[in-house]
């Protein structure tokens with residue numbers, strides 16, 4: 001069954017604004033939300049990278065301490081309904097919306113992290129530039145490749161927006 005990600009229009013607008021602000025550098029953030037069923041993720045909030053985030057032409061690393069405090073705060077405010085559900089970041093001037101090797105490694109780390117509690121993290125990549133950012137949505141999951149080896153499988157997802 002196809003994967004679907006619901007995201008508020010206001011979150012998409014905030015992502016595009018941040019992407020255009022840092023257009024030559026990678027930028028990104030964190031998503032809070034929930035899975036309404038096995039194939040439908042609902043994003044309710046985006047947490048930006050924070051003031052101490054590191055942005056370069058080829059990588060983005062959020063301000064982890066600030067990010068975690070915002071995740072904790074939103075979790076409490078939501079009545080413990082919304083949890084960490086994934087991330088987004090830009091690939092400036094990229095032609096392909098496929099997750100990079102680094103993106104797959106990041107997904108593996110998230111999936112294996114007990115603190116994240118995200119066995120199927122969402123990853124949205126904004127590719128292009130200020131005039132033409134194109135979103136590409138993925139769901140990550142570990143699959144067994146052989147008896148002892150695991151690999152990250154990424155499944156494309158459809159993005160639908162909603163008004164809040």
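Each Cβ is built from the backbone N, Cα and C atoms, and glycine gets one as well.
Worth saying up front: this structure is predicted, and the values here are computed from it rather than measured.
Some features that Swiss-Prot has for this protein:
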DOMAIN    5-142  domain 'MPN'
BINDING   89, 91, 103  Zn(2+) binding site
Checklist outcome for this item: Using a 10 Å radius on the Cβ of residue 91 (Zn(2+) binding site), the other Cβ atoms enclosed count 24
Checklist outcome for this item: Its Cβ having more other Cβ atoms within 10 Å than any other among the binding-site residues 89, 103, the winner is 89
Checklist outcome for this item: Secondary structure of the domain 'MPN' (5-142) by DSSP, residue by residue, totals 39 helix, 53 strand, 46 coil
Checklist entry - Which whole-number mean pLDDT does the model give the domain 'MPN' (5-142)? => result 96
Checklist entry - Inside 8 A of the center formed by the CB atoms of 89, 91, 103, which other residues of the chain have their CB, for the recorded Zn(2+) site? => result 26, 28, 60, 90, 99, 100, 102, 123, 125
